[in-house]
Amino acid sequence: MGVGLGSVLRATLGKLASSDPDEVSVSSITLFVTLLCICVVLGHLLEENRWINESVNALFIGLGTGTILLLATNGVSSRILEFNEELFFIYLLPPIIFNAGFQVKKKQFFRNFMTITLFGAVGTMISFCIISFGAKLLFDQLNLGYLELQDYLAIGAIFSATDSVCTLQVLNQDETPFLHSLVFGEGVVNDATSVVLFNAIQKFDLSEINSTMAFTFIGNFFYLFITSTLLGVLMGLLSAYIIRKLYFGRHSTDREVALMILMAYLSYIMAELFDLSGILTVFFCGIVMSHYTWHNVTESSRVTTKHAFATLSFIAETFIFLYVGMDALDLEKWKFASSSPVKSVGASAALFGLVVVGRAAFIFPLSFLFNFTKKSKSSKLNLKQQVTIWWAGLMRGAVSMALAYNQFAKSGHTKQPGNAIMITCTITVVLFTTVFGLLTKHFVRFMFPPSDHMNDTDLSEPSSPTSLSLPLLSNGEGSEVNGVERSVGRPCSLQMLLSAPTNTVHYYWRKFDDSFMRPVFGGRGFAEFVPGTPREDSDNQLV
């Protein structure tokens, strides 16, 4: 019986490690789907637990399953589940990022967009420089093996990427909307910036460094950022226009739901095809779809798409942490680390220290710069908020894992000691920071007791008149209630632009949106009623 079970587990283990989809058997798929079901059940049972969240739950289950499989096969198989970056970037990441854009409270996100961009783009560049140069200095002391300049720059990009998936788990959008929008928005821009940096490093010939390289690099970055965003917006508008003009809901709600899902995924694939940032593209596609496309479909399709996107995102998140947990027990990589444990532990500690220092090096100075531009005390980032933003962004996740495998594990190169140690260091930092993230919920509750949650909301909306709240920025809240539009007074253009530039931009955007965009692309209050479908009582019930 034991031999038979061991044979089944050994066969399952071998096929789980295969990257060829033709070799994935029913038994291996059954095993992983079973683990996903266990994660869902345990997540439900631990819902009220203050220490365990969904991501850590899945991570521990992955580690536990990997350990059991190793014991069942007597340690013969060294690969529990090989981390496949293509699987991560092409299939798992898009639904997570799209749902984040689709569900995000746009009022918070766009109100803090400049701050998000400041932290996510400029801050990532600062962290990238500190981690790259720090790793070069510290690793030379540890004598980790031959690492080239490209490897050190890649390390900077790898460990500058925060884990936006974990941020969704540890920060509550309803309790701390300002911090959630700022940290998560920064995480999305941060991940996109890190991936762009990493790809740029792979393309540049670093053997001949000259003065024009920095300008070329910066130009490429802005080109990728702008074009990726525009592609996402265009794909979202295209989906809204098609669904509005062709009235899919007259005959089949399935078709309009299918079209929304497929066009959302198409935006990401097109960005990858054109060597753009798929993360930014699919994120802004989600925002535009939630503002226009979602209001053009039938009520039943609104409920379906809302929960379908959330469910796909949840499954992908759980899969990723199971994936990381099981791959962390790949014995082949750890054999090289065990031969020099002092170097491995030293390198992991050095990288975590650089992550901490690198994040602090831009959060606090950029916060000071942000506060310097604000006149009102209520609109400034106080020290508690700065520390919370610094703390919440220390987690590293699957993006770091995928980039590390791309750089140090191509064609089985983990057999080189330097590459193997870098892979194990990445796994160690990811595991430690993810478990470390368990404290974030309690840290936020300590820094911002329940009585302060209202204050956090107030800080996210500094002295803004409610009459200037926009439909795009309010996610269906504030500007219209039950289809009745509130009147918006016209501000004094120059005075309002100088005293409250954000509100002025909102005002003119609303005029443009109501006059030109929504009559063409639909949206709240402009979507035509499809005969034979029930009318919705209030969009706020679905948002």
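Note that Cβ sites are derived from N, Cα and C of the backbone, with glycine treated the same way.
Fair warning: this is a prediction, and the values are worked out from it, not measured in the lab.
What TrEMBL annotates here:
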type     : residues : note
COMPBIAS : 460-474  : compositional bias 'Low complexity'
DOMAIN   : 35-444   : domain 'Cation/H+ exchanger transmembrane'
REGION   : 455-481  : region 'Disordered'
TRANSMEM : 29-46    : transmembrane segment
TRANSMEM : 58-81    : transmembrane segment
TRANSMEM : 87-104   : transmembrane segment
TRANSMEM : 116-139  : transmembrane segment
TRANSMEM : 221-243  : transmembrane segment
TRANSMEM : 255-271  : transmembrane segment
TRANSMEM : 277-295  : transmembrane segment
TRANSMEM : 307-326  : transmembrane segment
TRANSMEM : 346-369  : transmembrane segment
TRANSMEM : 389-408  : transmembrane segment
TRANSMEM : 420-439  : transmembrane segment
Most Cβ pairs under 8 Å with the transmembrane segment (307-326), selected from 87-104, 116-139, 346-369: 87-104
Stretch-level contact, the transmembrane segment (420-439) and the transmembrane segment (346-369), CB cutoff 8 A, at least 3 pairs: yes
Distal contacts, the transmembrane segment (389-408) - CB-CB under 8 A, six or more residues away: 83, 85, 88-89, 92-93, 119, 151, 154, 157-159, 161-167, 170-171, 179, 182-183, 186-187, 190-191, 194-195, 198, 320-321, 323-324, 327, 355-356, 359-360, 363-364, 367, 381, 414, 419-420, 422-423, 426-427, 429-430, 433-434, 436-437, 440, 443-444
